[in-house]
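K.L.:
Got these off Swiss-Prot a minute ago, pasting:
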BINDING   ALA9, 15-21, 54-56, 76-78, 116-123  NADP(+) binding site
BINDING   GLU30, TYR31, LYS32, TYR33, PHE34, GLN35, ASN64, ARG70  substrate binding site
DOMAIN    3-184  domain 'DHFR'
Amino acid sequence: VRSLNSIVAVCQNMGIGKDGNLPWPPLRNEYKYFQRMTSTSHVEGKQNAVIMGKKTWFSIPEKNRPLKDRINIVLSRELKEAPKGAHYLSKSLDDALALLDSPELKSKVDMVWIVGGTAVYKAAMEKPINHRLFVTRILHEFESDTFFPEIDYKDFKLLTEYPGVPADIQEEDGIQYKFEVYQKSVLAQ
């Protein structure tokens, strides 16, 4: 795997979850953005892969599992087999990336998306690999019990624009948010 993409929505206190749900009320257009970004493959005949921890998987309503038109990989050291609906189970992010490099999947997968939770984001951001981070900043505070790890802004640079990502502030149901894209570029060793 040559590059990673992570996508997350955070509120102002860097919260990403509360009691297994999102800390804020449903934002339909923000969810559509997540669906569009993670589903759209740029290579004919290939699909994107989404990698997530077990809690993130079970936070998705059952009727929406697996995330459709994407190869769903769940990470867990405890589970013995992939949860119902998931395509693959891996013990760690490294195992999942090795799986994606296997002949079975290499020819089928375009982009690799990390969709949570905290530990999976942290492991991905620490890897010395090109990485784009798609952050929806919700411009309000909401009570949260799960948080996004600290972003190292020495590595991750905010892009001024990115194709397909609206630049202006969005608003739904009185909640304002904006889309940001950060990029970490690692020179080939």
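Each Cβ is built from the backbone N, Cα and C atoms, and glycine gets one as well.
Predicted, not measured: the structure shown is a model, and the values here were computed from it.
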K.L.:
Including all protein chains displayed, how many Cβ atoms other than that of PHE34 (substrate binding site) lie within 10 Å of its Cβ?
P.N.:
19
K.L.:
Counting distance between Cα atoms, which of the binding-site residues ALA9, GLY20, ARG77, ALA123 is nearest LYS32 (substrate binding site)?
P.N.:
ALA9
K.L.:
Taking DSSP as the reference, which of helix, strand or coil describes TYR33 (substrate binding site)?
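P.N.:
In the DSSP reduction, TYR33 (substrate binding site) maps to helix.
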K.L.:
Let me make sure I understand the span of the substrate site: among GLU30, TYR31, LYS32, TYR33, PHE34, GLN35, ASN64, ARG70, what is the greatest distance between any two Cα atoms, in Å?
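P.N.:
Farthest Cα pair among residues binding substrate: 18 Å.
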K.L.:
Just give me the nearest neighbour of PHE34 (substrate binding site) among the binding-site residues ALA9, GLY17, ARG77, GLY117, ALA123, Cα to Cα.
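P.N.:
Among ALA9, GLY17, ARG77, GLY117, ALA123, ALA9.
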K.L.:
How many whole Å apart are the CA atoms of TYR31 (substrate binding site) and ALA123 (NADP(+) binding site)?
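P.N.:
It is 24 Å, counting Cα to Cα.
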K.L.:
Fewest other Cβ atoms within 10 Å: which of the binding-site residues GLY17, GLY20 wins that one? Let me know.
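P.N.:
GLY20, out of the binding-site residues GLY17, GLY20, has the fewest neighbouring Cβ atoms within 10 Å.
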K.L.:
Going by DSSP, is ALA9 (NADP(+) binding site) sitting in a helix, a strand, or coil?
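P.N.:
Assignment for ALA9 (NADP(+) binding site) reads strand.
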K.L.:
For GLU30 (substrate binding site), which of the listed binding-site residues (ALA9, GLY17, GLY20, LYS55, GLY117) have their CA atom within 10 A of its CA?
P.N.:
ALA9
K.L.:
Counting Cβ atoms within 10 Å of each candidate's own Cβ, which of the binding-site residues GLN35, ASN64 comes out highest?
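P.N.:
Counting every other Cβ within 10 Å of each candidate, the maximum falls on GLN35.
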